[in-house]
Amino acid sequence: MKFIHLAMTLAYSLPHIVDAFSTLSHQRIRTSNVGVSSIFTNSQRITTFSATPTTRRTTSLFSTTENKKSSELVSNQDLGLGTSGFSTSRIRNFSIIAHIDHGKSTLADRLLESTQTVAARDMAAQLLDNMDLERERGITIKLQAARVLYKSEVDGEMYILNLIDTPGHVDFSYEVSRSLAACEGALLVVDASQGVEAQTLANVYLALENNLEIIPVLNKIDLPAADPDRVAEEIEETIGIDCSDAVRASAKSGIGINDILESIVKNVPPPQPDTGGPFRALIFDSLFDPYRGVIVFFRVVDGAVKKGQKVRFLASKAEHDVTEVGIMQPNQVQVDCLRAGEVGYLCGSIKDVLDARVGDTITLSSEYKAAAAKLDPKSEEDPITPLPGYSESIPMVYCGIFPVDADQYENLRDALGKLRLNDAAISYEPETSGAMGFGFRCGFLGLLHMDVIRERLEREFDLDLIVTAPSVVYRVEKGEGDSKTVEIVDAPSKMPEILREMKVMEPYVRMEILTPSEYNGQIIELGQERRGILKDINYLTPTRSTIVYEVPLAEVITDFFDQLKSRTQGYASMEYQLIEYREGDLVRLDVKINYEDAPPLATIVHVDAAQTVGRRLVASLKELIPRQMFKVPIQACIGVKVIASASISPMRKDVLAKCYGGDLSRKKKLLQKQAKGKKRMKAMGKVNVPQEAFMAVIKLNKSAGD
């Protein structure tokens with residue numbers, strides 16, 4: 001019996017013993033790999049560990065059964081990326097430019113998926129769009145970058161492809177231009193069913209300004225309405241790019257993805273080799289991490305940077321010690337060094353995103369000081385030449401943001417401060433309104449930027465907000481010659497009431513509208529209503545045309561785009577860019593409610609439209625402001641002159657209801673008592689203006705012809 005019991009015990013324990021030996025052998029294998037670092041092929045997932053937990057890294061390229069050509073391990077030396085003999089000949093830096101809904105983010109997903117940069121289980125729609133807001137709206141707000149390894153099917157060589165995904169909206173055109181400056185090529189993605197759109201043209205012009213090699217990609221060829229031949233001809237006629245070798249693809253279905261990758265390898269030129277000069281890198285984005293500080297994304301142009309060095313940002317003149325450098329796959333992966341031609345990130349315990357502005361140049365502090373020592377102390381020449389194209393982000397649209405609950409003012413201030421950490425283009429300063437209390441006057445790059453920030457404040461920080469009508473930045477010039485002064489006006493309430501001997505300058509934009517030719521008449525009519533100056537009409541094809549206008553920006557930021565879509569049944573698209581400031585015959589239209597000024601409702605309008613806008617604004621406010629127990633007069637004024645007025649009739653209590661008859665003097669006494677009470681209430685009462693009333697100004701701040 002003892003023997004049988006011992007045999008049963010061994011039989012039960014044997015699987016556990018085998019598992020223990022198996023685990024031990026795996027641990028020995030893992031231990032033998034400590035300190036080994038590799039660059040991995042498309043078909044492998046390998047995790048490497050350094051000797052200390054503090055420097056542990058994970059570098060992964062995920063395996064699938066689809067691609068078995070690249071099963072061998074590729075080392076740094078195989079790619080020419082060793083510490084010596086570094087080569088840039090197999091690096092390709094490219095971007096994707098497209099109009100909204102033409103499939104840019106979907107194509108980026110397919111490129112990451114087909115190269116096994118991201119495993120199928122980790123894939124998600126719009127993978128590079130991290131914010132929920134981006135996925136809901138189908139737009140890219142915050143650009144992303146990803147490093148992809150691809151083994152060419154033509155020459156069998158392994159290539160590093162750095163994809164820099166860019167926002168596509170006109171509000172972020174400067175960020176797009178800096179991202180394109182970090183590339184040598186761009187995929188021009190055009191919907192094969194819709195053809196060339198306005199934002200397509202705008203982004204192509206930016207790419208051409210940066211001398212990028214443009215690869216046309218006709219996307220969505222699997223749609224029933226797709227006509228790639230027509231669209232290819234349209235691209236050639238509109239942009240002048242040869243489309244004979246255009247890649248025909250469908251990002252959704254995965255058609256033509258390998259052709260796109262091969263075209264990138266073949267047509268996009270590699271980065272320029274290292275010239276041996278001082279380290280210089282171009283910043284194309286930054287974000288704030290609560291644990292590591294500001295993370296700076298950049299493209300190395302000359303030299304190299306590694307952990308432990310001190311870097312200097314030329315525009316902000318800030319200096320920081322580098323605590324980490326790495327690449328994006330698309331998750332951040334630490335590396336030892338980044339050299340010329342590579343795209344990566346660095347951390348340096350940077351606390352303010354303004355220290356690392358988009359478009360700024362990074363250099364090594366030691367090299368900067370060495371170069372400065374060789375210059376004449378009186379010389380104004382830069383010791384190290386900054387990379388061209390840098391400019392500071394200038395807000396184009398301003399609005400007031402107030403909390404509905406006055407107790408949330410501190411929360412609003414903290415929320416704006418946190419958003420500012422990730423977005424240096426936001427500007428804000430405290431503002432006080434008698435009607436709405438304490439809030440902030442905020443500046444944005446455009447209407448989309450403003451709308452995105454408002455929605456993030458409400459969604460991420462749980463704030464109830466009142467947002468006033470947006471306004472542009474005006475310039476008021478006083479005097480002439482040496483005594484001339486210029487006052488910047490970013491709010492209607494700051495505009496001087498009396499504009500005698502003053503010039504009011506307003507910003508103008510050059511607007512390019514792409515539309516089916518049958519809607520040309522409606523668009524020209526809309527342009528005339530908005531004080532536009534028609535500059536050009538160009539017929540791309542017999543059925544499509546471009547219309548160029550110069551329009552005051554104030555006429556664009558209201559509902560111009562909505563009107564354009566409405567009058568063209570949604571087929572037209574537009575893009576615009578600021579050109580200059582011009583003198584305008586403008587006046588400040590004030591609103592008084594119950595004889596008290598309401599500064600948030602003030603607006604700046606053209607003098608010819610003031611009468612009409614005033615009447616419509618007063619009528620709209622009359623409908624939106626709730627009735628009170630007393631009569632509420634509403635007035636639209638230019639200076640002291642009332643140009644339109646209306647009154648909200650009071651709610652009336654029937655004080656005679658209890659008098660079934662009797663003495664007339666009793667009724668008069670009750671009516672007189674009621675009148676005295678209403679008079680006192682009118683003198684002391686406050687009128688609460690709802691959010692809808694402020695939004696009404698947005699719709700009414702346009703010319704009288706509309």
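First residue shown is number 1, and so on along the chain.
Any Cβ shown, glycine's included, is placed from N, Cα and C.
Copied over from Swiss-Prot, here are the features:
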- 98-105, 165-169, 219-222: GTP binding site (BINDING)
- 89-272: domain 'tr-type G' (DOMAIN)
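According to DSSP, A98 (GTP binding site) is assigned to a strand segment. When other Cβ atoms within 10 Å of the Cβ of A98 (GTP binding site) are tallied across all protein chains shown, the result is 25. In this view, I221 (GTP binding site) is surrounded by 20 other Cβ atoms within 10 Å of its Cβ, with every protein chain counted.
Every protein chain shown contributes to the tally, and the Cβ of D101 (GTP binding site) ends up with 15 other Cβ atoms within 10 Å.
Residue environment of K104 (GTP binding site) contains 28 other Cβ atoms, counted within 10 Å of its Cβ in all protein chains.
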